[in-house]
């Protein structure tokens, strides 16, 4: 399969996905109180995420940043517990504790190198991202 053919397949898949998504989309009314949260989300996701992520990569290695970033699903589960009052299993809490301890251990045990001049700061910025 040539490059042009693979692009054609990708475009057809994209168009199909958009059409399927658009046909299942239900309009939700936007209330006045929603704008405050939408503006906050717009500030956090594209703006602050890329600021913290780009600064983190200048201070730590990509492998360490990936390890810190891999704790995101567990952080979402714990956040859902506090925000949405969802139940968490003992297994999830144990995984969260291990992930946080591993991230702290990774940060404290890492050494400064040419490619990671300040890994503790970089890992903290990655956690904030």
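Cβ atoms here come from the backbone N, Cα and C positions, even for glycine.
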_transmembrane segment according to TrEMBL, located in which of 64-84, 85-105_ = 64-84
_If I take every residue in the domain 'EamA' (10-107) and average their pLDDT values, what number comes out?_
84
